[in-house]
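Undergrad: Summarising the annotation, TrEMBL assigns compositional bias 'Pro residues' to 47-56. The region 'Disordered' annotation in TrEMBL covers 47-80, 623-642, 667-691. For 57-67, 676-691, the entry in TrEMBL reads compositional bias 'Polar residues'. Residues annotated as domain 'B box-type' in TrEMBL: 206-248. The domain 'COS' annotation in TrEMBL covers 355-412. Sequence annotations record features per position, and here TrEMBL assigns domain 'Fibronectin type-III' to 414-525. If you look up TrEMBL, you'll see 627-636 marked as compositional bias 'Basic and acidic residues'.
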Amino acid sequence: MSNMKSMERELHCPVCKEIVKQPVVLPCQHSVCLMCASEVLVQNGYPPPELPPEPNSPASTPNTRSPHQARRPMPSKADHRPIDRVLRSGFGTYLSPGRRRKEPPHAMLFPCPPCGREVELGEKGLTDCLRNLTLERIVERYRHTVSLGSVAVMCQFCKPPQSLEATKGCADCRASFCNECFKLYHPWGTPRAQHEHVQPTLNFRPKVLSCPEHDQERLHFYCRTCQRLLCPLCKLRRVHAGHKVAPVAQAYQTLKDKITKEMNYVLANQETVLGQISQLESAITQTEANSVAAREQLSQSVRDLTALLAERHASLTEALERARQKRGEALAGQVAERRSLLEHAGLMAFSQELLKETDPPCFVQAARQTHSRLSTSIEGLQCFSLAADPSFRHFQLDVSKELKLLTDLQFIQAPLAPVIDTQKTLAYDQLFLCWRLPQESAPAWHFSVEFRRRGVVPGGGARGGIQGRLAAARWGWQRLEEVGGTSAVIDRLEMDSVYVLRVRGCNKAGFGEYSEEVYLHTPPAPVLNFYLDSRWGLHADRLVVSKEQRCARSVPGLSLLQAADLALTSCHLTADLLVGDVAITQGRHYWACSVEPGSYLVKVGVGLEAKLQEWFHLPQDMASPRYDPDSGHDSGAEDSLDSPPPFSFLTMGMGKIFLPHGPNHHNNHGCPANGTSPRRSPTISNGNIHASSPTGLTYPLPPRLGVCLDFEKGRVTFYDAHSLRPLWEGPVDCSGPVCPAFCFIGGGALQLQELVANRMADQTPVRRVTIQSRVTNLNN
């Protein structure tokens, strides 16, 4: 009883918030009342559908005579049409006025409250929505348990004045009978006597679900892809071709087992549930207490603003009063002065009396001041102006900014989701992450950087599902707390792994939203730190190396200018070699560099140190280190079919990179291509057209090129260092020390990738040889 009463919330319709009646299942798997669904569709502009009468309405009870008076025909199914038949009669398939019947109707959209979005019902509307018979049975058991259905169900075949309470219901006749009417309409020995007896009810359900599109077809299959029940005819449709379709009995058992396991898990963790309930109740209490404190703080802030505004109002009012008094006094003095100029008043009366003086010395002595005053008064008359401005225009307050601030006055907001700068973010010797806040975001005090290694499903399977979740749980999120600034460095990461990173800001309001997750692939081997060697392999008149020895540029020297001056039709270009200051003798190592897109021809790769020195001391009219000028790749593979080549280079120039065909060439998906079948047609990848030839193809120059040397295996692999996608892989002779090598033909520039550790350091690190010092004795 208690279990039944506690589940009432699960039986509520999300629209009317009452116990569901005649529920139908939406495509989103939520159930709503049929009447509620129809009302919602009508409110959204769809025509009202034809619905069955309410079970407790007079129309639902046949107006027939009592079986005591006369026998009447059997109740027809037309009088008690099932809901699914009404749904199948065309509910949801409408033609708007003026539309031709040949045009297909538009798909109906139903706003599902639990989902918070519109669910597409299809062109047939609720016709394709099946009744939730299981939920109806649960509701009926619930009503009988909690006595909500205590209202007696009357016999539908007794005359109303003498109606008796129904004692039985017939699932086939879809009606409720008293004992006498049931015996009357189900005579012994007739087929009707075999009808299924049920409890009396006003809402009869079909015995089984049938296909809404194919009448009387049972639903024997379940499409896992579409998550829909199918009949045998629906299964044959093209729309389900390639879908995972299973027998409904198998789907029933699978779902039943899953629900049983999930229930057992929940029941086994009741202590956890109770603990979480306690935490939630404590959170509710804290919410109430904190809301009261926040309300008081809000009131105090408003009071402070009001007090400050009142104080400022008094100060401004005092300043205005002082200005009014000062201006009034100035204008009043000017008025008194002008009044003295009247004919019989003030200065004019005194001047008239002064003119009556006949003694010259006395007159002269007394008239000088009067003359000065009269002259000043005449000037004032001729150039009259007010002694003070009567307007108070500059005493008006411009409160537009303040009003806007008050209008925008809000509670403090947490920072918005940061935006990660994918151009500056990279994974090299360490992982460097850079981000910024949107302009409209509130400021952040500090940031929290979270990262985790992306789980790889054992056996090389695809990520996802239960195995993917277990792998993700194994490699949980790690955090860098209270990161100041807008960048962070993460070290001690696994090599050749994909890491997921995200950032969120924090201020007084708490943590904001996470940024979009970015994926970074760490290098396949430890990063090799080296510098460009300026002691050999360098022609100072044609190559310029930066002070840090990480950048080189090819410039036209005097010899090249002289050669160009002597040649009338063409200029012979030489190949200038430049090597690193380390020699590799063991292990796997990775480094990256960037080539200026406007470079003419630049070669990047590795080579035997002895062979590189030998090539450097050859005459400078050699076109490249390969021995056969017609070779498709600078690898020297033509020397011997059995021995690996002493060099391995990739050629770049004019914004392109040349990838030679071969058994170790990687196509656009990173898989080895067939080197025996050269492609002659252009190749399209990611919207870029690559010119293809029998010997290879050209690819847009990546921002950074990565090189990985496996000394023990004698293999070198070239990568797009931005995405760590392999471009080309080939053999190289590792019988002796191997050096990183670069070759310039014509103008060009190259920049070695700087270590993240060096970039973040305050001072330039001391140069060091990472693997082994280069052996300079040529005889050895």
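Just so you know, glycine gets a Cβ as well, placed from its N, Cα and C.
Just tell me what is around each of these and how deep it sits.
TA: Per DSSP, the secondary structure of the domain 'B box-type' (206-248) breaks down as 8 helix, 11 strand, 24 coil.
Across the domain 'COS' (355-412), DSSP assigns 34 helix, 0 strand, 24 coil.
When pLDDT values are averaged over the domain 'Fibronectin type-III' (414-525), the model yields 83.
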Undergrad: Reported in the order helix, strand, coil, what are the DSSP residue counts of the domain 'Fibronectin type-III' (414-525)?
TA: 13 helix, 44 strand, 55 coil
